[in-house]
Amino acid sequence: MPTAYPLPSDVSPATVANTASFIRIVTLALISGAAIASRLFAVINFESIIHEFDPWFNYRATRVLATKGFYEFWNWFDPTAWYPLGRVVGGTVYPGLMATSGVIYNFLHAINLPVDIRNICVLLAPGFSALTAWATYMLTKEMKDSSAGLLAAAFIGIVPGYISRSVAGSYDNEAIAIFLLMFTFYLWIKAIKIGSALYGTLTAVFYFYMVAAWGGYAFITNMIPLHALVLILMGRFSNRLYVGYSSWYAIGTLASMQVPFVGFQPVKTSEHMGALGVFGLLQIVAFTQLVRSHISDQQFQKLLKTGVVTIGLTGALVFGLMTYKGWIAPWTGRFYSLWDTGYAKKYIPIIASVSEHQPTAWPSFFMDLQFLIFLFPAGVILCFRQLRDEHVFVIIYAVMASYFAGVMVRLMLTLTPVVCVAAAITISTLLDIYIDPSEPEIADNKTDSSAAPTDPPTPSNGASQATPKKAKKSTPTSSQNTITDAIHQLTSSGSTTKSRQKGIFGLDSRLVIVANAFFMLAFFVFHCTWVTSHAYSSPSVVLASQNPDGSQHIIDDFREAYYWLRQNTPQDAVVMSWWDYGYQIAGMADRPTLVDNNTWNNTHIATVGKAMSSNEDVAYPILRKHDVDYVLVIFGALIGYSGDDINKFLWMIRIAQGVWPDEIRESDFFTARGEYKVDNEATPTMKSSLMYKMSYYRFNDLFGGRPGMDRVRQQQLPQQGPTLDILDEAFTSENWIVRIYQVKKEDILGRDHKSANAFTGGKKRKRSKPVPRRRALAL
Amino acid sequence: MPLGWRTLPQLLFVALASIIHTSCSAAAAETGVAFENSAIVRTVALGGSVVHVTTTIAIKSLADEQDIYTVSFPRRERDASSFLEVRVKNQKDPLQIREKPFYGNAKFTEVDVVLPEKLAVNATLNLVVETIQTHMTDPWPEFASQTDQQALRYTTDLYVISRYPTLVQRTKIKALVPRIISYTTPTNVDAFTTGNVVAKSGAVVTYGPFSSIPVSTNKDFLKTYQQPVTVRYYHEQPVLEVTSYKRAVEISHWGSNINTEDQVILKNAGPKLKGHFSRVDYQGQLYKGSQVPHVLHSLSLDLPPGIDNVYYYDQIGNVSTSKLNVAPAVAKGEPVVKTSLLNMKLRYPLMGGWNYTFTVGWDADLAGVAGYNSATGEYNVEIPIMTTIPGAVVNQHELKIVLPEGATDVEVVTPYPSLTLWLDKHTAYLDTIGRPAIMFEYKDLTPAHAKNIYVRYKLSSGDHFRKPVAVSAVFFGLFFFTFVVRRIDLTIPKKQKAT
């Protein structure tokens, strides 16, 4: 057979196999290295620090677990969070992440490697990303072959969509969850492929780990049943599916109920009903199969009809009744917001106020996935060509995840793995075809040439492509021939023209495609590196700016203020701030907070929102009743930091309005023309609100008495700055980003703060009779 | 257990200077008046938390064969003094001293000084008694706002007490800047002076001269004549206290490295901030150059030359605002000409009463501080007890010296004894039996205490190789385990297919 380029002929198959396996291992190791290394930008550019908001809580909880042990963590009641309510931490977290770090910590200490718990937390996500790459490799290998697997591993290793949640320091549940997601899926595929109860059980074990680690486990809880359901509907019910699903569901559900935060949800909430329903359905189908093998066809038809109707009706009735009785929880708001993107904004502003719950913008698909996003559909279509059970899984996964990724930014994370898998299948198929050296044979006789194209794309054919070297030996693969053949048959309906041999001729045509693919891959690497280093590696606790000479200047206001709180205020001083900063204050300042990022109690958050958006007279009793000692606001107007509290203020108002619609009205904060202003035109409600006052208190003084300039909103402030009666400015950070105010105690002479302030300010109390004016009138 | 642990009780102490915890056995000459003080000049150099008191005593022997001179201190000052050194004037070496035991309620204490030679009758000698007092000043007023000055006050006794009669004595109290606010004018001094009791000139307040003071270490004198005098003065530096200073030094022969890490809890012990901190006012002060001197903005530390991997962080991470100038390393034994300078900015300006904690650490070449005596097979390492924080007193100091794993025959030579000393075990990277760690505890250290400790230990070549051997053994075990496991077939044999 002619080849496009010479191949060595004196190599034994064993050598080829060994070399390929060695190269695979080395490649996987390199991919792991690249995955870890590209996540270290944050550590190199900044430092080994925990990022953002939620990770600070996870870090704090992990420290408790590492220093005090697991039981202490399990029973941890944190009185400093949600003051004065407190929080039962052990029962309200997914402990998987902390437990993982705790195990690593204890293991390292047991072998006398005293690694700091912070470094374990910081580097956990990069470490697990290497495992994710491996799990993706295993999964894709099941889909196509190991070369596709390696491509998928490389993609998932550096794709920004996944890096965004797993850079070093981003110590969040997602850090380990994506690995667990991929590995559980791999085990599931393996389980139904070989019908093994062992793999089903392993799936359940990793499912349990996933449940313990991330609230997104519901994705698996619904993906696997959906896959099973589709297979049944496609008439692909088999004992392998039965064994795999049943062992997963039974063990997985029981195991997942051991996580305290999950508890009885798997049998009570609607999200989990699908899995239960499919489990039931599988039993019925299996039973039907059994019955069918024992009775005649006619009887069976009758039995089937009655059986299906009865069981369907009973099931629906029971489900309805249980929902009605409240045994099964109705759908939650978060669930509705998955289907109606406007729902959250209307009914649950607290969910909508989180930026990662917003619908995804189109550019972010390209930013997060680059060229994978247009290879992804091709990969999904390629899955249709063989359509084994596992390909059905990828197709369902692709459809579901695409939808969810469009609804919520953060669900981009669940889409990314399947995009990598599908794109890897595409690229790998492309390269398989174009690197394959075998030249199409010049048609000598018609019968020979027509034999190959008519070869249907059966699964067995796909299996024969399991490794590239096999593909090399095989005759020209039928894949491209099928398509071209189909086109050919369409264009030339009559068989008037002599059928030409299809295929790729020569080295140049191969090189063009391969070089193009290589170029895309190389450009993808540059894109990923650029996005990772510029967009996803900022800890957001520390801000970076550039000095005039180009060197990096660190703006460290958050830690400055938090550390001040930690060192110079009483241990039990209660700090009130917007909930975004709750975890950071608890983690870095070690002080009790009113609300934090857990957001379980909407009323409590609304109370803080109300205090922030009311005037001083209304706010003071709220502050005092909650024992607030310090109020912390984030203020970006001086250096133009746009993520400040004035910009978040509308959400505070909306959330407060949700609970006190009579007292707080969003419209009061907008000017007559409907603008959100902080300058002279700002509404009186705005100007008298505590948030406005705290933000701009003495801001004008910085400008030598002239009106200050708000660099975030590009507005000139009023000439007369706000005054504060119930609060004292206690600390302001270097760039004014964090401002901390101390709440005054009740005046010891029983005066209200306004008159007490006026007295200390040397002003006389206004008499009821304005004497001078009357005298002037008399003149 | 390494052998070295048992040798601990024989640890060698060379007490160069001490007033604390020195048991005294020698009974000093109690017979009558052996000396006469021709003149006493006490100079008090006021500072923040550290006050230097230098007393020059011109003594004259009244009897023959005198070699013990006894110095007396008021109890309050003895308790506050963390450093005492007695020298002959213009000589470098300190004299040997022995503190006498005293009762808990004693009003004064005594220290015997062993004179360099026996004095004959009428022989004279000038002694310089140097003490450093800590925590003797207090801010007054106790609160100062962000724009206020910092005023301190210092109280001491008017007369220098002595168990010998004194012909003439005076006390000079010196502030750093000539801004003394007020001072006590003593009354009831007619017995010893007729002239001016107190005079102020510039930064110095002088009490005396007082002449013909009798033996003053008795109740009568203390009750009748002794009286406190207080000086209030402006102090233009922050009053710093290090509430806790923990230094850990780790010696590694494999890395030829000595790592030092200091954990410091710092406090501005000046007047507490009145009201609140205002950033606008603070920035205004910076802009106008009118910042008040008692606010600590940054701290400069003199670190050893030739260090690398310097880090500066606190409980919540790295502090990025520091500058470091590393001086080149000097060979062992050479005098240090230039030290590395670490200028670190605190996270926030340290106002009166505020706290701050930080950790500073660095690596240095072990060869620069360690020597090896091939004759005895001993290593000798020189370790500084602390890094001076300018003007600060260290309330609690803990020094932990971690020796290499397997070090034996540990000996330490300390410049002054520690409060406590014990041997601990420290287990770190890839250790199997743990490393011996020597723990020292000190109290009230001043810049004068920044001296070196010498540690000697033996380390056999077997101990050098303990770590690689342990690691190799573990890896070999792992490989062997896999080797065995891979060759065990645990699969349940498939059912024979029915034919």
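Cβ from N, Cα, C; glycine included.
The transmembrane segment annotation in TrEMBL covers A:21-44 (among others). Here the transmembrane segment (A:21-44) has Cβ contacts under 8 Å with residues 51, 122, 125-127, 129-130, 132-134, 137, 146, 150, 153-154, 156-158, 163, 166-170, 528-529, 532-533, 537-539 of the same chain, all six or more residues outside its ends.
Look at TrEMBL and you will find A:22-422 tagged as domain 'Oligosaccharyl transferase STT3 N-terminal'.
Sequence annotations record features per position, and here TrEMBL assigns transmembrane segment to A:88-108 (among others).
Positions annotated as transmembrane segment by TrEMBL: A:120-140 (among others). Panel annotation: around the transmembrane segment (A:120-140), residues 28, 31-33, 35-36, 39-40, 43, 48-50, 55, 58-59, 62, 97, 100-101, 104-105, 108, 146, 148-157, 162-163, 165-172, 175-176, 178-179, 182-183, 185-186, 189, 417, 420-421, 424-425 of the same chain, lying at least six beyond its termini, place a Cβ under 8 Å from a Cβ of the stretch.
Annotated transmembrane segment per TrEMBL: A:146-163 (among others), in sequence order. Away from its own ends, the transmembrane segment (A:146-163) comes close to residues 24, 27-28, 31-32, 34-35, 38-39, 129-130, 132-134, 136-140, 178, 182, 367-370, 372, 412-413, 415-417, 419-421, 423-425, 427-429, 431-432, 466-468, 524-525, 527-529, 531-532, 535-536 of its chain (Cβ-Cβ under 8 Å, at least six residues beyond either end).
Annotation comment: TrEMBL describes A:175-194 (among others) as transmembrane segment.
Same-chain residues lying 6+ beyond the ends of the transmembrane segment (A:206-234) with a Cβ under 8 Å from its Cβ atoms: 94-97, 99-100, 173-174, 176-177, 180-181, 183-185, 187-188, 192, 241, 245, 248-249, 252, 255-256, 258-259, 262, 266, 271-272, 274-275, 277-279, 281-282, 285, 389, 392-393, 396-397, 400, 414. The annotation transmembrane segment is assigned in TrEMBL to A:206-234 (among others).
Annotated transmembrane segment per TrEMBL: A:241-261 (among others), in sequence order. Listed as Cβ neighbours of the transmembrane segment (A:241-261) (distance under 8 Å, sequence separation of 6 or more from its ends, same chain) are residues 74, 90-95, 188, 191-192, 195-197, 199-201, 203-205, 207-208, 211-212, 217, 224-225, 228, 231-232, 267, 272, 275-276, 278-279, 282-283, 285-286, 389.
Per TrEMBL, transmembrane segment is recorded for A:273-291 (among others). Outside the transmembrane segment (A:273-291) by six or more residues, the chain places 221-222, 224-226, 228-229, 232, 237, 239, 241-242, 245-246, 249-250, 253, 266-267, 300, 303-304, 307, 311, 315, 319, 328 with a CB less than 8 A from a CB of the stretch.
Feature annotation from TrEMBL assigns transmembrane segment to A:303-324 (among others).
If you look at the transmembrane segment (A:365-384), the same-chain residues 6 or more away from its ends with a CB under 8 A from one of its CBs are 143, 155, 159-161, 164, 391-392, 394-395, 398, 405, 412, 416, 418-427, 429, 520, 523-524, 527-528, 531, 535. Positions annotated as transmembrane segment by TrEMBL: A:365-384 (among others).
Residues 132, 136, 139-140, 143-145, 147-149, 151-152, 155-156, 159, 161-162, 178, 181-182, 368-369, 371-373, 375-380, 382-383, 394, 397-398, 401-402, 404-405, 465, 468, 471, 477, 479-480, 504, 510, 513-514, 517, 521 of the same chain lie 6+ residues outside the transmembrane segment (A:415-435) yet bring a C-beta within less than 8 angstroms of a C-beta in it. As annotated by TrEMBL, transmembrane segment applies to A:415-435 (among others).
Here TrEMBL flags A:443-482 (among others) as region 'Disordered'.
Annotation comment: TrEMBL describes A:463-480 as compositional bias 'Low complexity'.
Beyond the ends of the transmembrane segment (A:511-532), by six or more residues, the same chain brings 38-39, 41, 155, 158-160, 163, 167, 367-368, 370-372, 427, 430-431, 434-435 to within a C-beta distance below 8 angstroms of the stretch. If you look up TrEMBL, you'll see A:511-532 (among others) marked as transmembrane segment.
The domain 'STT3/PglB/AglB core' annotation in TrEMBL covers A:572-630.
Across the domain 'STT3/PglB/AglB core' (A:572-630), DSSP assigns 33 helix, 7 strand, 19 coil.
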